[in-house]
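To keep things clear, I will list the structure first and then write my remarks on it.
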Amino acid sequence: MAASIIDGKVIAADLRARVAGEVTRIKRDHGLTPGLAVVLVGNDPASEVYVRNKHKQTQAAGMASFEHMLPADVAQADVLALIAELNADPAVHGILVQLPLPKGLDTEAIIAAIDPAKDVDGLHPHNAGRLAGGLSALSPCTPLGCIILTKSVHASLEGLDAIVIGRSNLVGRPLVQLLLNENATVTIAHSRSRNLPELCRRADLVYAAVGRAEMVRGDWLKPGATVIDVGITRVPAAEGKTRLIGDVAFDEAMQVAGAVTPVPGGVGQMTVACLLVNTLRAACAIEGLSAPGV
C-alpha cells in the first residue's frame, strides 16, 4: 500500500489562516499590528522571489511589511546601522536578514546585531542557546515547519525514534532540539555518518536535510515511517527545463513509508507560514500580551 502524501500546501494555508485570525483579534482588542522587516542585500534572483513571497503573505495575514533593499556592495557598517534602526522601531516586531549575504559581509556579526526578541529567523546565538537548553525561544522557521508537518501525522512524538540527516545551524541542529523538546529519541547524522541506511531503518521519523538529491533510498526506510524531506535540488528535465527534487527518492519512499512530504509542496510551504507565526509571537511577547493560540 502506497504511503500518504503530507500536503504542505494545505497545512501551511491552514496555519496562515489561523495566524490571520489571531492578528485580527489583537488588532481589535489591543490596537496592535505586528510588523515584519525584511532586509535584502544584493539582487540575487532567488532571494528576490523569496522576499516578494514573504511580503505578499505578511500583508495577507494583516501584518505590516517593511522591505529594505541594499546594494550588494553595501558596507558592513551600513547594514549594522539599519539593523540598529529596526531594533529601535516600535512598529517592527520581527527582523529577517535574507541569506545568503554577499561576500565581504560578516553574516554572524549581522545576525548577532538583531535584537533577540525580534529575531524571527531564530538564528541569534541567544535564541539558539535557549533552544539548546530546552527553554522557550524563537525557533528557526524550517525546523518548526517540520515539527508541524510531523504532528499532522502523529498526535504525539513522545518515545518515537527520529533521525535527522543534516547538521546545519539553519535546519539540522535546531530540529534536533525541537524533537528532544517533544520527547522523541533522536539520532543526528550527516553525509559522512557510517551505516547511514541502517540508522535510517531504525527510525519512525526520518528528516532528510543534507542537500544531496535522492540520497535517501526506499530500502533505507522502516516500513510505515514518516519521512520529512527538507532538501531541494534543481535538476534538468525534458525540453531544456528544470524540476525540483528532494533528498529522498520520492517514488521509492512512497512504496515503503507511511507518510512522505513531496518536493515541491512540502516543507518549503511551511517556512514562510512559520515566519508569520514567529512574527506574531514576537509581537505579543514584546507588547506584553499572552502568547497567541497558533
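Numbering starts at 1 and runs along the chain as it is shown here.
Cβ atoms here come from the backbone N, Cα and C positions, even for glycine.
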Of Ser152, Ser156, Ser191, residue recorded by Swiss-Prot at the NADP(+) site of Gly166, Arg167, Ser168, Ile232: Ser191
Tertiary neighbours of Ile232 (NADP(+) binding site) (same chain, Cβ under 8 Å, six or more apart): Leu244, Ile245, Gly246, Val263, Pro264, Gly268
Site with most surrounding Cβ atoms, counting all protein chains shown within 10 Å, from the binding-site residues Ser168, Ser191: Ser168
Neighbourhood of Arg167 (NADP(+) binding site), C-beta criterion under 8 angstroms, separation at least six: Arg173, Ile188, His190
